[in-house]
Amino acid sequence: KGARAMGSGFGLGLALALASSAFIGGSFVLKRKGLLRLCRRGRARAGQGGHAYLREWLWWAGLLCMGVGEAANFAAYVFAPATLVTPLGALSVLVSAVLSSIFLNEQLNVHGKIGCILSILGSTVMVIHAPQEEEVSSLESMAEKLKDAGFIVFAVCVLVSSLLLIFVAGPRYGQSNVLVYVLVCSAIGSLTVSCVKGLGIALKELFSGKPVLKEPLGWVLLVCLVICISIQINYLNKALDIFNTSVVTPVYYVLFTTAVMMCSTILFKEWQHMVLDKVIGFISGFLTIVSGIFLLHTFRDMPFTPNLLPLFLQPGRADLHTPWSSADRHQCCQHQPLLPSEDKGSESAEEDE
């Protein structure tokens with residue numbers, strides 16, 4: 001019964017994670033379409049300080065989809081391992097790219113299509129080989145895990161490294177190196193996911209009738225969550241303001257997901273009972289998603305023309321390079337003169353003399 005309950009919870013968490021990606025990906029398209037409609041009507045754009053989007057129903061529909069997606073993502077952490085839910089967030093980028101090409105007429109080049117396929121394949125492999133974490137069903141068990149020496153060392157390392165990046169590396173290299181601010185967001189983000197996991201368990205107990213509001217751990221997790229999210233938003237906006245989105249997005253996804261996987265492994269012991277082939281399969285799926293996101297973002301604005309193909313694949317060029325045609329064979333069999341015709345004429349004149 002315990003295994004069956006865990007399996008049903010895992011399936012529910014997976015479904016919530018997929019639904020979250022679909023809603024969040026669709027929300028970007030709805031908001032973008034609403035803002036474009038306002039632009040065509042001549043209204044002041046949001047980037048210029050206008051607030052006409054507040055009267056556009058498409059923008060509100062996008063905001064509602066975003067809220068539903070974030071709520072589904074929050075609930076997914078309660079039922080499924082964080083190392084599975086977090087990487088599947090990449091599917092929201094895929095959904096947004098596909099829907100934008102359909103409804104917004106945005107170009108999705110060959111690199112983007114290959115990236116979408118790789119993301120789907122990698123997600124499938126990760127789901128098949130996903131780890132089963134230790135069951136954490138109460139705040140008491142969550143408190144015991146937070147007291148673990150391994151997690152305390154990890155949290156201290158995250159805080160110390162973040163402070164060094166903010167106050168030492170930031171002023172020196174923040175304007176020239178994309179890793180500085182993105183590392184801050186990723187490191188703090190691993191603690192954010194842990195807080196979300198704990199709050200999800202607290203809400204689950206609250207709905208079951210337990211006096212969770214009297215437990216101090218729930219309030220501590222809530223305060224930590226607000227602080228961590230504020231830091232993430234601040235430094236992610238700094239990174240996006242300095243560097244191109246096509247650079248920040250894949251780097252942030254890789255570092256954030258890696259940090260979450262490390263934190264979840266230490267805190268929840270998710271990989272403790274996994275066999276080697278499961279570990280290899282899970283990591284392979286994650287690297288496949290990374291490759292897909294890299295192709296989808298990095299080469300998003302690069303045009304892919306037929307001139308980039310090999311000559312034998314270019315349309316209309318194959319007949320120009322057919323070495324076995326009759327004309328080429330006839331020309332190959334002819335002996336070319338060793339001297340130009342003028343030289344031949346001069347030689348014959350010398351002989352006559």
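For all residues, glycine too, the Cβ spot is worked out from N, Cα and C.
As the structure is a computational prediction, the values presented were derived from the model and not from experiment.
According to TrEMBL:
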TRANSMEM  57-77  transmembrane segment
TRANSMEM  84-104  transmembrane segment
TRANSMEM  110-130  transmembrane segment
TRANSMEM  151-172  transmembrane segment
TRANSMEM  178-196  transmembrane segment
TRANSMEM  217-235  transmembrane segment
TRANSMEM  247-267  transmembrane segment
TRANSMEM  279-299  transmembrane segment
Tertiary contacts of the transmembrane segment (110-130), as residues 6+ beyond its ends and Cβ separation under 8 Å: 10, 14, 80-81, 83-84, 87-88, 90-91, 93-94, 97-98, 277-279, 281-282, 284-300, 302, 304
Top Cβ-contact partner of the transmembrane segment (84-104) among 57-77, 151-172, 178-196, 217-235, 247-267 (pairs under 8 Å): 247-267
Touch test for the transmembrane segment (247-267) and the transmembrane segment (57-77), at least 3 Cβ pairs under 8 Å: no
Within-chain partners of the transmembrane segment (151-172) [C-beta distance under 8 Å, separation at least 6 from its ends]: 145, 180-181, 183-184, 187-188, 190-191, 231, 235, 259, 262-263, 266-267
Chain residues outside the transmembrane segment (178-196) and at least six past its termini with a C-beta under 8 angstroms from it: 74, 77, 82, 86, 155, 158, 161-162, 165-166, 169-170, 221-222, 224-225, 228-229, 231-232, 235-236, 238-239, 242-243, 247-248, 251-252, 255-256, 258-260, 262-264, 267
